[in-house]
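**Student:** To start, I am sharing the structure in question, which I have written as structure tokens.
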Amino acid sequence: MKSKFIFITGGVVSSLGKGLTAASIGMLLKSRGYSVVNQKFDPYLNVDPGTMNPYQHGEVFVTEDGGETDLDLGHYERFTDVPLHKFNSTSAGKVYLAILDRERAGGYNGGTVQVVPHVTDEIQSRILGTAEQTGADFVISEIGGTVGDIEALPFIEAIRQIRYTVGKENCMFVHLGLLPYLKECGEIKTKPMQHSVKELLSFGIQPDILICRSEKRLSKSTREKLSLFSNIPQDAIIENLTAKSIYEVPLMLEEAGLGKVLCKLFNIENKEPNLEEWKKMVQTYYNPEKEITIALVGKYVELPDAYLSVAEALTAAGIYHKTSIKLLWIDSKKIETKEDAAAFLKDADGIIVPGGFGDRGINGMLLTAQFARENKIPYFGICLGMQISAIEYALNALHIEEANSSEFDKNAKNPVIDLMPDQKDVKIGGTLRLGLYRCMIAEGSLAEKAYKSHEIQERHRHRYEFNNLYREKFDNSDMIFSGLNPERNLVEIVELKSHPWFVAVQFHPEFASRPNKPHPLFRDFIKAAVDNKINR
């Protein structure tokens with residue numbers, strides 16, 4: 001089957017859930033037996049999100065091949081279970097950089113470089129390139145921002161041209177917009193959506209499907225009005241009500257007829273979707289048998305999206321154990337003393353310290369790791385959380401004076417965590433240890449029990465590592481190195497032998513978790529937290 005292209009645009013306001021819609025479309029098509037691939041186009045001028053402030057952008061989702069990408073790629077992977085790559089995330093900055101590099105190399109033979117055709121052609125080449133590289137039946141592209149944004153115009157023009165490149169029968173435009181409900185008059189207002197469609201039409205794009213975000217169900221008269229003013233058949237006007245869980249969204253869209261309409265408009269067989277496992281997962285989420293409290297102690301907790309994949313991985317593990325997860329978002333800066341740690345963490349059945357960069361809030365994380373270690377509370381450290389656990393143990397158990405990380409103190413007396421040799425004297429952007437790396441797991445360890453394997457591969461995003469010069473000082477202690485990278489002998493996993501469940505990893509297991517297939521470490525962490533609550 002020749003690749004078909006679906007483009008998702010947004011209007012009226014941002015943050016309506018284009019990413020979830022794109023992920024849901026991918027899932028509905030895959031559930032019918034078609035192969036899919038999702039990709040995201042962001043109009044910002046940063047080359048990638050790698051150096052962007054988490055408070056502005058949320059988490060950086062890392063692909064298996066080391067791409068630092070938009071968090072929406074996490075939604076795509078979790079919904080479709082299709083591993084994505086660097087080329088599935090494109091920013092305007094990446095597009096312009098490629099064009100300027102080509103121009104400097106004489107690639108345009110001295111010609112004038114312009115937005116049309118050069119920028120639009122570069123965007124089209126990336127869209128079509130995804131189809132060529134993956135061979136997917138459907139290439140689903142989300143266009144960031146809202147229709148009418150100045151920075152998004154080259155992308156809108158590029159997808160307009162794509163329709164004529166691949167043929168109307170192989171291209172579809174899905175437009176997502178808000179239908180506000182005014183309590184005062186008890187009405188859904190369609191005017192903002194009408195103007196959004198009108199704006200899209202002014203750029204030469206006629207949407208094929210309208211997805212309407214609303215708090216209330218659409219009446220027959222509302223559908224008729226939208227159909228009249230948008231040139232879209234009523235059966236292609238899909239309501240998208242606010243769901244209690246994001247994992248209910250594809251089921252709601254399927255019930256609203258989206259899958260059927262997609263197949264009808266593409267003139268392909270509307271196969272029976274296989275959604276039973278997903279439905280069962282959602283039902284389990286809504287009907288837990290127990291509840292536990294997990295304390296997430298981090299640097300960016302004011303914006304939960306900064307830890308989106310961690311939160312979703314915890315939820316998935318909770319679903320596996322039929323357990324509701326109550327997350328305590330704790331700012332590590334607020335933990336300044338042992339008494340603070342006890343006060344903030346007293347209700348936690350398990351503690352997780354996720355990744356981060358810089359020295360802000362580090363003391364609070366050290367006190368958190370110490371509290372978990374000394375009070376036998378299940379602890380899961382990720383990336384920075386692993387480095388914190390090693391430093392805390394060196395300071396308080398091994399009594400290594402002034403143990404620290406050279407990230408926090410370049411002149412640290414005892415840098416238990418240090419910059420990797422090949423990371424010194426390099427620029428910040430694009431220089432981290434990124435993507436999949438192998439790890440050999442020690443026999444009899446908690447990690448081996450979780451993975452049921454002696455060799456794994458996990459995604460990394462870091463510049464600092466455990467300093468192997470200090471390995472001997474940890475020998476014969478309670479902290480063991482249960483996971484090592486075989487190529488460079490780097491410490492990837494640490495555990496405490498006498499602790500019920502204390503595991504910290506240098507990699508990011510959250511990126512590999514799926515709602516109906518939780519990551520083994522998250523699964524066992526939640527089990528340990530459940531047991532901890534029972535045995536208290």
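Just so you know, glycine gets a Cβ as well, placed from its N, Cα and C.
Model, not experiment: these values are computed from the prediction.
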**Student:** Among Gly356, Gly361, Gly435, which residue does Swiss-Prot name as a further L-glutamine binder in the site formed by Tyr55, Leu384, Gly385, Met386, Gln387, Glu407, Arg463?
**Tutor:** Gly356
**Student:** Do you know which of Asp70, Asp72, Asp81 Swiss-Prot groups with Ser15, Leu16, Gly17, Lys18, Gly19, Leu20 in the ATP site?
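**Tutor:** Among Asp70, Asp72, Asp81, only Asp72 appears alongside Ser15, Leu16, Gly17, Lys18, Gly19, Leu20 as ATP-binding in Swiss-Prot.
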**Student:** Look at the CTP binding annotation in Swiss-Prot, where Ser14, Asp149, Ile150, Glu151, Lys189, Thr190, Lys191, Pro192, Met193, Gln194 are given, and name the residue from Lys94, Lys225, Lys244 listed for that site too.
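**Tutor:** Within the candidate list, Swiss-Prot flags Lys225.
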**Student:** Which residues, in sequence order, are found in the same chain with Cβ within 8 Å of the centroid defined by the Cβ atoms of Ser15, Leu16, Gly17, Lys18, Gly19, Leu20, Asp72 at the ATP site, excluding those residues themselves?
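**Tutor:** So the additional residues around the site are Gly10, Thr21, Ala22, His75, Glu142, Leu176.
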**Student:** May I ask which of the recorded positions Ser14, Gly19, Met193, His508 is closest to Glu142 (Mg(2+) binding site) if we compare their C-alpha atoms?
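**Tutor:** For Glu142 (Mg(2+) binding site), the closest Cα among Ser14, Gly19, Met193, His508 is found at Gly19.
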**Student:** Quick check for the class: what is the C-alpha distance, in angstrom and rounded, between Lys191 (UTP binding site) and Leu20 (ATP binding site)?
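**Tutor:** About 24 Å separate the Cα atoms of these two residues.
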**Student:** Helix, strand or coil for Glu142 (Mg(2+) binding site)? Use DSSP.
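**Tutor:** DSSP call for Glu142 (Mg(2+) binding site): strand.
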**Student:** Any same-chain residues 6+ apart from Leu16 (ATP binding site) with CB under 8 Å of its CB? Would you list them in sequence order, or say none?
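**Tutor:** Looking at Cβ-Cβ distances below 8 Å from Leu16 (ATP binding site), excluding near sequence neighbours, one finds Gly10, Leu176, Gly177, Leu178, Arg213.
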**Student:** Given the binding-site residues Gly17, Gly19, Pro192, which one's Cβ is surrounded by the fewest other Cβ atoms within 10 Å?
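**Tutor:** Relative to the other binding-site residues in Gly17, Gly19, Pro192, Pro192 has the fewest Cβ atoms within 10 Å.
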**Student:** By a simple count of other Cβ atoms within 10 Å, which of Ser14, Ser15, Thr190, Gln194, the binding-site residues in the record, is least packed?
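**Tutor:** Per-residue Cβ counts within 10 Å for the binding-site residues Ser14, Ser15, Thr190, Gln194 bottom out at Ser15.
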**Student:** Applying a 10 Å Cβ distance cut-off over all chains shown, what neighbour count does Met193 (UTP binding site) have?
**Tutor:** 28
